[in-house]
Structure formats: structure tokens, C-alpha cells
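Visitor: Pasting the feature list from TrEMBL:
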{"type": "SIGNAL", "residues": "1-18", "note": "signal peptide"}
{"type": "TRANSMEM", "residues": "593-615", "note": "transmembrane segment"}
{"type": "DOMAIN", "residues": "593-858", "note": "domain 'G-protein coupled receptors family 3 profile'"}
{"type": "TRANSMEM", "residues": "631-651", "note": "transmembrane segment"}
{"type": "TRANSMEM", "residues": "663-687", "note": "transmembrane segment"}
{"type": "TRANSMEM", "residues": "708-728", "note": "transmembrane segment"}
{"type": "TRANSMEM", "residues": "748-776", "note": "transmembrane segment"}
{"type": "TRANSMEM", "residues": "788-808", "note": "transmembrane segment"}
{"type": "TRANSMEM", "residues": "820-843", "note": "transmembrane segment"}
Amino acid sequence: MWIILNICLYLSFNYISATFISDSCQLQGRFKLNGMYQVGDLIIGGLFEVQHLKVFPELTFRTEPELPQCEEFYMASFQQALTMVFAINEINNNNDLLPNITLGYQIYDNCLRIGVAFRAAISLASGTEESFSDLNCTGPPPVIGIVGDPGSSQSIAISSVLGLFRVPMVSYYATCSCLSDRKKYPSFFRTIPSDAFQVRAMVQILRHFGWTWVGLLYSDDDYGIYAAQSFQQEMQLFGGCVAFSEILPYDNNHRDIHRIVGVIQTSTAKVVVAFSTDLSSLMDELLSQNVTGRQWIASEAWTTTPVLQTPQYLPLLGGTLGIAIRHGQIQGLHDFLIHLHPDNNPKNSTIKIFWEKIFGCKFEAVDEQQEQGGTKCSGQEDLSSTETAYTDVSELRASYNVYKAVYALAYALHDLMQCEEGKGPFSGNSCASITNLKPWQLVHYLQKVNFTTGFGDRVSFDKNGDALTIYDVMNWHPRSDGSIVARTVGVVDEGATTGKVLTLDEDALYWNFETKKPPQSVCSESCPPGTRRARRKGFPVCCFDCLPCGDGEISNTTNSPECVMCSDEFWPSPKNDHCVPKEVEFLSYEDPLGISLTTASLLGTSFCALVMVIFAHHRNTPVVRANNSELSFLLLLSLKLCFLCVLLFIGRPQLWTCQLRHAVFGISFVLCISSILVKTMVVIAVFKSSRPEGKSAIKWFGSKQQRGTILALTSTQVAICTVWLSTASPTPHKNNQYIRSKIVYECAIGSVAGFSVLLGYIGLLAAASFLLAFMARKLPDNFNEAKFITFSMLIFCAVWITFVPAYVSSPGKYAVAVEIFAILASSFGLLVAIFAPKCYVIILHPERNTKKAIMGRSTQKK
């Protein structure tokens, strides 16, 4: 904290000292900028993209950044800068325009970078004098206006600052529609139409050829972003669709470029619209992957760029359609350009760089270069023998806009000087003074400028500072040497008196396709049978998706708007183009699940038969005879019926199997449970009869009473089944609700109440048996069969309690399998719990199967 405070005090002291000691403003630093300079009474600034700064110096924020080194010289851009010089010289030689005033210029190279452009603009606005002693700020400003910047992002950044001081800027190439905002950019003008007009012109071309499905690429800057937004809005109004919209990486990141190429390659759009000033990296990647067969629509930013008009790009970009700013002719420009010569003025460094590039020489040649064949520039080389974009004045577009921008500033200044005192537009009807000119005063006259160029084009600005809207339509044709030339094939003029906005010479168009005809580019391919068209939400009607028909639906025509349902017993084919009979599903004997359950049923039946054989063979032994052996055989018989009734649940449902399966199941289980209930009652009766006070209990529960009880309980279940079957008999039913693609063939129970009563009666008997057995569980060992009955009934109840939710939640044949599983599980539980201990004694421990052994254990317990 103390360190920061000391630093602040030190800086404040230095500032105060400098203020009191010095009586002039000192230039704090100087940027290393390439440019051109000419002295004059009034200076016009200029910003041009002469070179390209590919790698910006690293910013560590700890040391002063290194000065950038620009490279890759652009001849066409240098021609534009020289056009400004030519126009200023032409104005100085014109006695009718700005008499007695000599215009000078200070031109800087922005190297296509915002940072460099902003430094150049600040240098223009603040001047380059080392010190400034007139603290009253009288006299003209360092520059009365700036021609440039050509880039939209640069213009936005610069105008946001210089606009605060109302320094007029007249751009010749910045097209972002955002720059039309007079509140943000009050002193910005341009001699090129806004992107809002450019986009409408491009959409006119798309409408003309019926291209409703296009891809969109745009640069990651203000120019590209605003143009893309306007384009998408215009496309929606036109009724077209944007297939894809991709931002071109500002740093030409190879991974992003590779991804964008993949998007272009996989897209069905044959037309690609691009808003950008730098497409070289993208085009190189497209060439490396051989992505051709696309119709490119170029924005004015690259329609006439020579960088892409080389032979290597012909297979990719031949036939490109684009719009270009209006071309013009400037008399005497060519002679001026070829008579350029460098001088020793360090402020004209750009001319020396140009000279070295075009002639391949060096002004300061070193011995090593001379040894390698390098030459030293003399400055007297002949430019007339060169053929480059610099000397090509056949299609002046950007240069023509520069020419108009310089003249706009000159005419505005001329009108300012023509003001009569007392009739001026400013407060008190005053006029501006040329010796004490304020930038905002020139802005006033620039807004009202109106003149006609020597080529016949009228120059004026609307309330937003925008120029009149007119474009040339360009088509990229192949040259004999394999390179590309952009030729004018039409015009887009929104102010045309004929009312026809787009005029095209279609016979002059070149198409880079085998058919030599314009491609077809529609939003969606035809929907095949099995699908339907579905309009994409938020998109125009030309865009639709081909959606597969839903479950149970088909379409058998192309581009069907709707799908139709198959009838109840039919289901769509795998391609959803016709209906086929549904698969019928039921628990069959061929099904693995059916085989497993059948095997379990037969095993249970076999076990019952085996136990019966064992009991019959040892029927006279005490273990078998205990508690009435007749009940044991009856119980085994009922268990066998329980196992066998499972077979009625497997196989294709028929009326008789549906009627019998639940009836046999219910009666068999009631017979089984009633036998267990009677056995339990016998155990209790025998125990009571062993006591003096209960000797008569066994008389009231003899064999006849036991048979009668079982018969009565079973007859009740028979009655329930009879009523159920006679009133609402179960029937075979084809169910489409479980699985819509299949018919589940099942037995409908007919009456839920009847089925519930059947199960409820079994549950009632099981509960009664469980309670009686539970009460008798502590009887002496020789009467301990009650314990086994208790355990068996516990298993039985647990199985059937879990059966209900499992049965309800199981679909189709699995509900039947759950019911079978419950029958088998409960039957096996009863069989094992009751008869396994007895078989264990009979077979493995016959010495215990004697009355003496049983009584002995009882005596031992006592």
C-alpha cells in the first residue's frame, strides 16, 4: 500500500513540476509508422492497408511493446494511397477549387491491424511536432480530416475517439452498417455504400437464380458480424434459408479453419456467401482437401481482390459472383503512377518499400546480398515497364472511392471558404475562419456536399453519412494463362429509374460446373417414403426436415406432408413405407422362458410323485402315519395338480385353456391349503387329547370330519369358479396396449371381481392356516409338524404378496410368466417345507422312524 502511494506521489510531483517549469506541450513518444508526407497550408490525413502485419508483437504489460514490423506489400492498396496523392495534387493545380490554398497530406500504413491503425490516427490527430507552445490552440488542426480507414473495425475504433472532437473521417471501404449510427459516429462519412445496401444487392442475385439454401461465412470483426446479421434478416424476408453460419477465425487458427472446411464439405448447400477481407487461409485449406463444386457469392470486400485471382484458385473460385463498388475512370492517374520516384525524405518510407518490392532491389544493399545476386536501388528504375495491380487502372473501384473522398473534403472546405460574414451557418450567423478552423465546422459543410465527378457520378451524403447505392455485379472468368479476371456482368441500382434493381447479362456469365449452368441450391432434399415433411420452427417455409413416421405410421409417397396410421393388426415395415401384419406374442412352448417354466412344472410334478412313492412304500412307519397319512397323500395330490396347472398357462390362448387355467389353479390351491389347514387342526386336536382335560377333542375331529372339512372348503372355491365362468368367462384377447408393434395374445380375465374373490379366498385359507400353525409351533417334539407348516405357509404368503405388484407391472407374456412363477415358487415351498424333513428321516435316518425313537425324544424332552 505504501509503495503504491509513493509511486502516485512521485508521478503527481513530476506532472506538477513539468506543468510549472515548461510553457509548451512535449511529444511524449513517437510511433514507427510507414507513410508518405507533403507539406501544405492544410493537411489531409490518410489511412491505407498497404502492408499486412501477420504477427503482432507480444504484449507482456511489463515492458514497452516492440514496434511492429509490417510485411506482405499490397500493390492495389498502394495505388489507392497514391490516388489520394494524385487527387490532392490535382486540386492544388485547380484554380477554381480552393484558390490560394495548398493542400498537403500525411498518409500512414495501418498494416491491417487495429492497433497500428489507431496509433496512426492518433498521430494524425495530435500532430508530429516535437513540442507545441501555443497553448491557446489557435490555428488549423494538424489534419482537417482523414481519408480512411478502409476497415470497419478500425473505423469504429478510430471514429469512437475522433468523433468526440468531431474530426471528419471519410472512409472509402468501411461498409459496416453500424457506422451509420449518427449518435455514436457523428463525424463519419463514406463514399462506399453501407452493408445494409450491399446485403440487399447480394440477395437480389440469390433471388434471381432461385438459390434459397445458402451457407454463410463472415469474418470475426464488425464488418463481418453486422453484415451477417443483415444478411440473415434479408434472407428471411426473401424466403430463403441459411444452411450454416460460421465465423472465420481472426487469427486464422488452423483447427477452426479445418472445422469450417468440414462444415462446407458436409453441407448440402451449393452456394456459399462470404463477408470477409481475408479468405486466403480458408481457400488454401479448401484446395488441400479438394472441396470444389460450390458457387461462391463474394461481398465487395473481396470481389476484386487480386490475392485470390491466381491460377491455383481457379478450380475453386472460378465462376464466383459478387458485387463490387462502382468502378470509375480517373484521367491522368496512370501517367502519375508510372512517374513516381522515391526521395530521401524519411516521411516517405512507404515509397521506398514499394520500390524495393516491385524491382527486387535494396536501397541499402549489403555485401552478402550483392554476393547472392541482389541489386541496389537507384531510384530511377522505370515503372512503365512493370505490370502489376499498382499500374492497372482499368477497373478503378476502391481508388475511385478514395478520389471521391478527397474531393468531398476539398469541396466541403471550398464551401466553407465561400461563406459570407453575417450569413454563416454558425452562432450569430458567423462563418468559420480558415486560420482558426475547427473540425466540427468542416463536418457541417461535409454533410451538405454535392458534386459530380469527371466520370459523371454524383457524390453526396445522406443524413447518416452514407453514399448513394449502386454496385457492379462481377463474375470471375478464367484467363488464357489460368489466372482469374473479374468482369462486370451487371449492375444493382436501387435508384434506377426503370424500377429494375438488378440487371444481368446472363450470356456473359461463366459457370464453373460441368453442366455450364447455374447450380441448384435448395434448403431440403425431397423426403423419401417413410418420412414426412416438418417445417423447422423459426425458419422460412423453404426449410423443412424429413422426420421418420411415428410408431404405427407410414408414408408411401415422396414429400408426404403427413403419415397415416396402420390398422390395429398391422405395423409399419422397417422403412415405414408400407404396413405388415403385427407379430403375435404369447408364452409358447418354443420360447426359452416357456421351456424353462415347463421344465420346472414337470420337475415339481415328478418330485411330488417321488414323495408319494416314498410315502407309499413306508406307509406303515410312524413318520408317515403321524397326523393322518391320508391327509399327506391328499396334500401331495393337490401339489401335483398345482404343478400341472402351470401347463394351462403356456401355449397359444384358446377359450377352453383360458377358462380352465384360473379355475384349475384356484381349486388346486384351495385343496392344498385346506389339506394343510386340516393337518394343522389335527395336530392341535391330538395335542389337546393328550391332556386329561381334552381327551374328547379328537372324537370331534376324526377322519370323516377331516374329509368333510376339506370337501366343504374346496366346494366353496368350486362354486366361486362356477359363478365366475358362467357370468364373465375369461376369453382369448389380442392386446395392442402393452407393445404397439406387437399383438400380445392373452387371456382376458373377464371379471376382475371374480378373479379377486378367487385369490382372496385362497389368501383367507392361507392366513388361517398360518395363524393356527403359528399357535401350535411350541408343541412337544413328537408333534412338531406345526413348525414345518408354519414355515411353509410363511413362504406361501410371501410369494403371493409379492405376486400382486409384479403381476400388475409386467406387460404381455411376462405377466403370465410372473403368475406361473408364483404358482411354482409357492408349490415348491410347500413341498420342501412339509415333506423334505420327513423324507430326510425316512431315507437317511431310518433308525429315527420308529415309535420308540419318537416317544423317546419326547420322554427325553420331558
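Keep in mind that glycine also has a Cβ here, set from the backbone N, Cα and C atoms.
Unlike curated entries, TrEMBL annotations are predicted automatically.
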Visitor: For the transmembrane segment (593-615), which partner among 663-687, 708-728, 748-776, 820-843 gives the most CB pairs under 8 Å?
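Guide: When the Cβ pairs under 8 Å are tallied, 820-843 comes out ahead.
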Visitor: Under 8 Å for C-beta pairs, could you tell me which stretch among 663-687, 748-776, 788-808 has the largest tally with the transmembrane segment (631-651)?
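Guide: Against the transmembrane segment (631-651), the leading stretch is 663-687.
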Visitor: By a Cβ-Cβ criterion of under 8 Å, what residues six or more beyond either terminus of the transmembrane segment (748-776) are in contact with it?
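Guide: 658, 662, 666, 669-670, 673-674, 676-677, 680-681, 683-684, 687, 713, 716-717, 720-721, 723-724, 727-733, 783, 786-787, 789-790, 793-794, 796-797, 800.
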Visitor: Restricting attention to the domain 'G-protein coupled receptors family 3 profile' (593-858), give the mean pLDDT.
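Guide: Computed over the domain 'G-protein coupled receptors family 3 profile' (593-858), the mean pLDDT is 80 on the 0 to 100 scale.
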